[in-house]
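Over in TrEMBL, the protein carries these features:
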type	residues	note
BINDING	His109, His111, Glu116, His155	Mn(2+) binding site
BINDING	His111, Glu116	oxalate binding site
DISULFID	Cys29-Cys45	disulfide bond
DOMAIN	59-210	domain 'Cupin type-1'
SIGNAL	1-20	signal peptide
Amino acid sequence: MERVFVVLLLLLSLLSPSRPDPDLLLDYCVADLAAQTFHLNGRPCIDPTVARSAHFATSALSEPSVASSAALFGFSVTTTNATTLPGANAQGLAMSRVDIVGGGLVPPHAHPRASEAALLLRGALLVGFADTSHRLYAQQLRPGDTFLFPRGLVHFLYNLDPTTPAVVLSGFNSQNPGAQLASTTLFRSDPRFPEEVLKKAFKISGQDVQRIQRNLGG
């Protein structure tokens, strides 16, 4: 009987809802950027008595970033983190600014540790995600529209206007949502995925694999 009770407890713990990031035991945990201690979730905290208003403000999202993805796909991402916004440390959230050139694409990708709410500030976008039953949910967005991408599901953002840039502000329910682009993960990993695996997975030839790798800068 005791064993059955233990098993039931274990099952309940597995079925219980899980949060992306753990809850805080303090009002806030301003990141100590000088600390060398490794923490699994976020950075260690500074003494709350020395926290300042500046720790909770940032201008990191005021300008677009310059990233290699801008040349490859036509987009760049600027993300807040404990360095640019120390007051967000351990709060279980992050924000990103996404700039997409005319006709540019944020290719299919996933955030393994967070859901994403994307607010279109400027431009015209086609966005969408596919669920685990391979059903696609797609929507055209205008400025002021918001779209939700569920946690861990593959999604994309495509600028429908060939000339006008688009700007998106995204919020995540994790301090470190992670991002994994499907194409570069599969064709630009280090070390490489075995060619035979890619050939069989996509029903393509070895020449196709090499061509895709070259096209992706590999």
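Placed from the backbone N, Cα and C atoms, the Cβ positions cover glycine too.
Overlay of TrEMBL annotations on the structure.
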residue	record	DSSP (3 states)
Cys29	disulfide bond	coil
Cys45	disulfide bond	strand
His109	Mn(2+) binding site	strand
Glu116	Mn(2+) binding site	strand
His155	Mn(2+) binding site	strand
Site of maximum Cβ density within 10 Å, from binding-site residues His109, His155: His155
Spatial separation of Cys29 (disulfide bond) from His155 (Mn(2+) binding site) - C-alpha basis, Å: 32
Disulfide-bonded residues compared (Cys29, Cys45) - the one with the fewest other Cβ atoms within 10 Å: Cys45
Neighbourhood of Glu116 (Mn(2+) binding site) by C-beta distance under 8 A, where only residues 6 or more apart in the same chain count: Leu148, Phe149, His155, Ser170, Gly171, Phe172, Pro177
Chain-mates of His109, His111, Glu116, His155 with C-beta within 8 Å of site centroid, Mn(2+): Ala110, Phe129, Phe149, Leu153, Val154, Pro177, Ala179
Alpha-carbon distance [Cys45 (disulfide bond); His109 (Mn(2+) binding site)] in Å: 32
Rounded Cα separation (Å) that holds between Cys29 (disulfide bond) and His111 (Mn(2+) binding site): 24
